[in-house]
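According to TrEMBL, the protein carries these features:
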- 131-239: domain 'UBP-type' (DOMAIN)
- Cys155, Cys158, Cys175, His188: Zn(2+) binding site (BINDING)
- 280-799: domain 'USP' (DOMAIN)
- Cys289: active site, nucleophile (ACT_SITE)
- 587-628: domain 'UBA' (DOMAIN)
- 662-702: domain 'UBA' (DOMAIN)
- His761: active site, proton acceptor (ACT_SITE)
Amino acid sequence: DSEGGLYVCMNTFLGFGREHIERHYRKTGQCVYLHLKRHVIEKVPGASGGALPKRRNAKLFLDLETNSDLNSEDFEYEDEAKLVIFPDHYEISLPNIEELPALVTIACDALLSAKSPYRKQESDSWEEELQASKHAKTLVQLDNGVRIPPSGWKCSKCDLRENLWLNLTDGSVLCGKWFFDGSGGNGHAVEHYKETGYPLAVKLGTITPDGADVYSFDEEEPVLDPHIAKHLAHFGIDMLQMQVTENGLRDNDIKPRVSEWEVIQEAGVKLKPMYGPGYTGMKNLGNSCYLNAVMQAIFSIPEFQRAYVGNLPRIFDYSPLDPTQDFNTQMAKLGHGLLSGQNSKPPMKSELIEQVMKEEHKPQHNGISPRMFKAFISKGHPEFSSNRQQDAQEFFLHLINLVERNPVGSENPSDVFRFLVEERTQCCQSRKVRYTERVDYIMQLPVAMEAATNKDELIAYELKRREAEAARRPPPELVRAKIPFSACLQAFSEPSNVEDFWSSALQAKSAGVKTSRFASFPEYLVVQIKKFTFGLDWIPKKLDVSIDMPDFLDISHLRARGLQPGEEELPDIAPPIVIPDDPKALDIDESSVMQLAEMGFPLEACRKAVYYTGNLGAEIAFNWIIAHMEEPDFAEPLAIPAFGEVASSGAAALGAVGLDNQPPEEMVAIIISMGFQRNLAIQALKATNNNLERALEWIFSHPDLEEESEPALDMTDMENNANANILAETGSEGPRIKDGPGRYELFGFISHMGTSTMSGHYVCHLKKEGRWVIYNDLRVCASERPPKDLGYIYFYHRIPS
């Protein structure tokens, strides 16, 4: 509460509000607390035109992490600190050197002077005054005749046209890699410095008559270049004629509104701000827009609202002593912040009048800052714990994995996304088939580029683009490929070749094809457009396409039919396990690696997933990724053990049978990640000689054993699960499926702007109360032109029959 301030336990240094401090004392017996209270003095206009102080109380740390800028000129502070002794609530004002022991005084001083954990997560470099580079005065520039055009730049080593840096020694234009401004790239500017030692570079697009952004590779920080005008003139750049723009083009070079950045964010259109419950924005913490977009979509779904916000009192009552480390507490807190409306209020009429009178616009400090949520949900993850841009689809799966592992009550909200996929694999030579089922949460649609309806325009555009690039002119107006949605759906349903297929009918490798169908339809269908792919140089690229996504979708024709009359099943025989003499020579199915990498997972993690699942295919490897993505070495390179180690542990990872037939923990974890109980996973693996694929078939063919299986409660899980006291016992029926008709209506989509998942920006559009709303971090407005054709992830809800 805003009146009670913050109580900090002097033993654990955990902070609590007034409502929870008594419970903490009763639970732990800790009796010494530091009570912090901040009185905010807000300046308000006085009768004589001056500013009169208006005093009000505020917490030191806001419970819902509101986005209020309390460091602005409109506020002053008075901080109050007391030592409180429980249970008598005896208070000692601070500082008080005479009455307190020296150790207590030192602890209080250290705590009061400590930096806020929220502030520690931010980069402080922007607050520091830039220093002149030691290389600026003596910088040597090569007289190589290089002249830099005023626009139309491209990295000389790749195709990136964003985050480009001009080396001030030789005039090379190269892409950066996660510099202080948060932009992404392939790191060619850094590589060039390591090869040549040329220390200074200026970011193209930031050059104005007032200066430019300069970075020193040698000093490893942003710097000032007092001679920047002379250094730029060496390459034909006149600072006085340059104007900064977001995309690096001068004002007169800006093309009509076709850029995806402008279309997706609905730039150039006056958008009406939206306020109230469900219309709360989220602050961008530095490349955290992927998280903001996904969480806005998640908490627009009633099942998630009920599970976390509806159960908020129970979740808070049974939260652990350290609620910052509890998933359900953080989800409930974030959901309440988004749905309560407390942080989305329209400006007062007096504030609007004041702005008009002063002819100035003050941004409204609405919205929440999800720092604590991001810190917890990304803990231990090599990618999400960084400040780099991430793939929203990968984060969505990461979130679903955490929801599955941290149930709240009897309802698992992630059930609404779960569905079964039937895979039909056919041996092309024997014509025999095998039917298997797997769990999935996302329907991935390929982009059928060959079906573009404007091929002639695309060919003409590509010719003009190459000519402009060769002549160093600005690129022509963008022409985007127009792909029919029906073509993408057709590509999804068509058979695909199975690489390295082993036919149990022939007991040899053969050609095989696989088709996928829905064994069940989820309540909420998530559709991902596979826009991201890899080039021949393994650089991730994005397909800039327009797809006519339907408002109403019927995929009933994709319902699985099972084994058909006249079809003969492949024998249930496992392929022979071959351990090579040289384990480093083990083949890794690169096609499966590529499929996983296109989903946005780190390349090395994909290689490990395919290796440790014995090249059984991308689907099995995907489940391995879900089960291991939080491990610290998740994205580290694959380290294949020596031969002796392979015989003992590596073979088990590949599915070899141990002396005691104890299933490998790797395979057990994969099956558990699909929603099955541990004892059922072990039983299935033992029954199939630790063959992962056959074990899954065995589970689905023994439903009676699934019903008899009882969940085993592990003490480690009890300790790790903060809300174990309120968990309802659930039966072991296998993965819970909410099957129904395959007819859906679109209610939201997430769009990505940029050239790859490593850079760019995410925006979310949601349909609420009959109209579309755009969620662009803190900015929440009524959408005028929702760009449904440029989305990346689409959310559909089932139409009741």
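Note that Cβ sites are derived from N, Cα and C of the backbone, with glycine treated the same way.
The recorded positions in question are Cys155, Cys158, Cys175, Cys289, and the one with the fewest Cβ neighbours inside 10 Å is Cys158. Geometry remark: His188 (Zn(2+) binding site) versus the residue listed as 'active site, nucleophile', CA distance 25 Å.
Taking only the Cα positions, the spacing between His761 (active site, proton acceptor) and Cys155 (Zn(2+) binding site) is 20 angstrom.
Listed in chain order, the extra residues whose Cβ falls within 8 Å of the Cβ center of the Zn(2+) site residues Cys155, Cys158, Cys175, His188 are Ser156, Lys157, Asp159, Leu160, Leu164, Leu174, Gly185, Asn186, Gly187, Ala189. Broken down by DSSP into helix, strand and coil, the domain 'UBA' (587-628) contains 30 helix, 0 strand, 12 coil.
A gap of 22 Å separates the Cα atoms of Cys175 (Zn(2+) binding site) and Cys289 (active site, nucleophile).
The DSSP breakdown of the domain 'UBP-type' (131-239) into helical (H, G, I), extended (E, B) and coil residues amounts to 16 helix, 21 strand, 72 coil.
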